[in-house]
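Student: If you scroll down you'll find the structure; I have some questions about it.
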Amino acid sequence: MRLEGARMDLIKKIWTARKLILVVMIPLSLLPLPLIHPCSESSCAYVLIVTAVYWVSEAVPLGAAALVPAFLYPLFGVLKSSEVASEYFKDTTLLLMGVICLAASIEKWNLHKRIALRMVMIAGAKPGMLVLGFMCCTVFLSMWLSNTSTTAMVMPIAEAVLQQLICTGMADSLEDSLTVDTQDEESDKEENQESSKNHLELLDRKHNEKHHVCMLSEELNGLTLKPGFGPEFCKESNGYLPEAPISIPAPPKKPKIRRDSQYPTNRDHMICKCLSLSITYAATIGGLITITGTSTNLIFAEQFNNRYPEAKVINFGTWFIFSLPIALIMLMLTWIWLHFLFLGCNFRETCSLSKKRKTRREILSEKRIHEEYQKLGPISYPEVMTGIFFVLMTVLWFTREPGFVPGWTSLFEKKGYRTDATVSVLLGFLLFLIPARKPWPSAFSSESKGDDDDEEEEDPLAPMITWKDFQRLMPWEIVILVGGGYALAAGCKVSGLSMWIGRQLEPMSGLPPWAVTLLACLLVSAVTEFASNPATLTVFLPILSALSETLHINPLHTLIPATMCVSFGVMLPVGNPPNAIVFSYGHVQISDMVKAGFGVNLIGVFVVMLAIMTWGEPLFHLSEFPTWALMPNVTGSL
């Protein structure tokens, strides 16, 4: 027993220190690779494998693991320290910083809450339309904010609506129960009064006729008969009492209230599940639409532009045109799938906009949403300015280089100096300068002040956002993670590892392009269920690029679908942060997420494949192998 106990203690200690053991053993076990084959390809492969294992296992924080190339590349002579350092801060980092400035202003002045509540008010409180309304507003917000921030913003609003739904359901059940009890008591009282009245009349009538009716107790068959309930009393009819004994009907069946659950009915639980999961899926869908919607899009854009500097095909406009139809189709199919899974197929009942079909609970839910919107008060000056900056940034992104007409960059003599990051940083910088209060007095200016601007009342020139607001939202871990991915890609390119990987994948040259893309999508979407999305994409992008070049397939044919499918890690709470946020509210279980997420995953892969085979081909010229795809091979051979 002692030996077995010591063995169990040893196993527990090893399990507790498993991450530390992994961090130490992985580099040591792989060290023979660069020592036995001392070349740049093997050294780069060693760094790539160690970093990938750290990312997938999350033995160390993602940001810390992204720093591994910063010291291993110089130690193994793959890249100089200054060259590695330059990879950690790129143009996309500035783009992200400008977007975070706008996001900080949107959050600070509650513009996101106003947009979400307004869209839900338009949709109504019918379960099907309520879910669709929350999905639409989540998709819209996730286009410009991070998926995690959007989910964290929208879920409290949805939770308030769900709690109102639950409370109303319990109140209805309790009210119905009390109504039944009251009716029973009143009917019993009326029957007792009628029986007493008839009994008195009967006794009076018998007394006057000098008939002795059951006034003494008699012993009959061992039973004691009480006055008024003897055999003569039961057999004789006096015109008031029936000959048969009176039978009181059983009270109507009371509605069942689930004592073992916080939900009044199973249908309420299904609505909570459907609405909660719809928000995390909508956040993922919205992040696909814009190049800044999620970190994986930024990783793809920067790595693609670094590897293929001559390819001027990926910008905000082209990505938006390609991904918007994908998001709209996915939004409708996901909504239909969730509705079928949790609410059934009766769309007419759950999606009717007719006021005659609304129940009391739906009316109270709409009232709660209206009350939340009224608490925001009239739209304030900071909200208006934030909305103007939001529209201005979007317009400038679209019109920079639209492709079919000259953009505003053609007004400058030198070409290629201005990118989407230029617009983003400029407008973000202005948010630190523009005052949050109107520069002119107004009669209703005091009404537009919120509770969050107490400090601004003391300083009339306080800006729209402060550095603390920006720092609170800036995801520095993601910045370092993206930089680590750029460093790995640069090392693979310089060392020639990309060309070596491409040569190993030559046996796949017999497959058609759509089959290669489908395999890449399925593989990436499976791996990302257990590993972080940015880490998975960072590992797969160089491999897929080398594969495309070897098979003479347009790299965009595989890279864009893989970038989108890496966001479909929606089957487990650990798949991405929005899943974890929704799971923490307690409405859904892991089995619900797996069942619903599997369908969403298949929908996503199907729609992405449809897009890349249809409108993606003329947009990116995917049917031909471009000349800019040959540039990495020439560079790597020098």
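Glycine is treated like the rest: Cβ placed from N, Cα and C.
Here the structure is a predicted model, which means the values were calculated and not measured.
When I checked TrEMBL for this same protein, it listed these features:
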- 20-37: transmembrane segment (TRANSMEM)
- 44-68: transmembrane segment (TRANSMEM)
- 88-106: transmembrane segment (TRANSMEM)
- 127-145: transmembrane segment (TRANSMEM)
- 279-301: transmembrane segment (TRANSMEM)
- 313-338: transmembrane segment (TRANSMEM)
- 379-398: transmembrane segment (TRANSMEM)
- 419-436: transmembrane segment (TRANSMEM)
- 478-502: transmembrane segment (TRANSMEM)
- 514-544: transmembrane segment (TRANSMEM)
- 596-616: transmembrane segment (TRANSMEM)
Student: Between 44-68, 279-301, 313-338, 514-544, 596-616, who has the most Cβ pairs under 8 Å to the transmembrane segment (20-37)?
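Tutor: Of the candidates 44-68, 279-301, 313-338, 514-544, 596-616, 44-68 scores highest.
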Student: Which residues of the same chain, at least 6 past either end of the transmembrane segment (514-544), have a Cβ under 8 Å from a Cβ in it?
Tutor: 48, 52, 55-56, 58, 62, 65, 294-296, 299-300, 303-304, 478, 481-482, 484-485, 488-489, 492-493, 497-498, 501, 508, 551, 553, 555, 557-559, 561-563, 565-569, 571-572, 574-576, 601, 604-605, 608-609, 612-613
Student: Below 8 Å between Cβ atoms, which of the listed ranges 88-106, 313-338, 379-398, 419-436, 478-502 makes the most pairs with the transmembrane segment (44-68)?
Tutor: 478-502
Student: Can you name the far-off residues of the same chain, 6+ from the ends of the transmembrane segment (88-106), with a Cβ under 8 Å from a Cβ of it?
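Tutor: Hits for the transmembrane segment (88-106): 70, 112, 144-146, 149, 292, 298-299, 301-302, 305-306, 382, 386, 389-390, 393, 419-421, 423-429, 431-432, 464-465, 469-470, 472-475, 478-480, 482-484, 486-487.
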Student: Out of 279-301, 313-338, 379-398, 478-502, 596-616, what stretch is closest in contact terms to the transmembrane segment (127-145), meaning most Cβ pairs under 8 angstroms?
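Tutor: Against the transmembrane segment (127-145), the leading stretch is 279-301.
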Student: What same-chain residues lie close to the transmembrane segment (279-301): Cβ under 8 Å, and 6 or more beyond its ends?
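Tutor: Non-local partners: 92, 95-96, 99, 134-136, 138-144, 146-148, 150-151, 154-155, 158, 314-316, 319-320, 323-324, 326-327, 330-331, 334, 338, 420, 424, 475, 478, 481-482, 485, 533-534, 537-538, 541, 559-560, 563-564, 566-568, 570, 576, 578-579, 581-582, 596, 600.
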Student: For the transmembrane segment (379-398), what are the same-chain contacts with Cβ under 8 Å, counting residues 6+ beyond its ends?
Tutor: 98, 102, 105-106, 108-111, 114, 144, 316-317, 320, 408, 420, 423-424, 427, 430-431, 434, 436-438, 445, 448-450, 453, 464
